[in-house]
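Feature annotations, courtesy of TrEMBL:
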COMPBIAS  13-22  compositional bias 'Polar residues'
COMPBIAS  31-44  compositional bias 'Low complexity'
COMPBIAS  45-54  compositional bias 'Pro residues'
DOMAIN    155-235  domain 'Peptidase M15C'
REGION    13-59  region 'Disordered'
REGION    181-201  region 'Disordered'
Amino acid sequence: MAFVVLASVSCGAQEQAASSTTAVPVPPASDPASETQTPVAVTPEPEPTGPPPFSSQVSRVTRDRLPHSWQPGCPVSYRDLRLVTLSYWGFDGKPHTGELVVRKTVTDDIVTVFEKLYDWRWPIRQMKLVDAYKADDYDSIDADNTSAFNCRRATGSSNWSNHAYGEAIDINPRENPYVTASGSTAHQNAKKFTKRPTKGKGVINPGDKVVKAFARVGWEWGGYWSGTKDYQHFSKGGG
């Protein structure tokens, strides 16, 4: 009988020990899809940028814009002139905006040619109204300034220049000087450019694309004159 009692007690102790054990809860496995993720800022790829497209604007020119280059008695009224604001490539290899004054009947010619020059990145030193030099043609040329209208007489003549009609333009006059029949030029900084053909930035040569572009709109080049050569000069119909 004693054996039986001991067995019962032993079984009861085991049951009590088993029932007193507490299970440790296991946290559920996390679902990666349900976790909150911080959005990562994405820097957009920069779009490739090129030079600005050619632009031009033709507007009426006011009397106050021509304080030196126009005066009563000029062969055309300032009301028949137009201010052309347009793009050009500088000698620094960058796009710039310049101004020209021409007769209202030739604005399309100018815009057509200068758009080609811009597309070719053909360089121009600067392009200001000649009034920036008080309409002094010598000073404008010495500064290598491209300009058009100037109410003045033709060089060595009592006749009006085509510039006085707004139908002529001088381009890069240092690189494309006025050269006498003897081969001299009045500008010291232009002496190395008196021969043609010659190489150089902004130089105009016989038969080149600049000459051809002007010829297509009916403008003649002074570099084709006999005797005296005016390599900077283009005019509507010549002269």
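Glycine is no exception: its Cβ is also placed from the backbone N, Cα and C atoms.
Shown for the region 'Disordered' (181-201): DSSP residue counts in helix, strand and coil, namely 6 helix, 0 strand, 15 coil.
Taking the domain 'Peptidase M15C' (155-235) as a whole, pLDDT averages 97 in the prediction.
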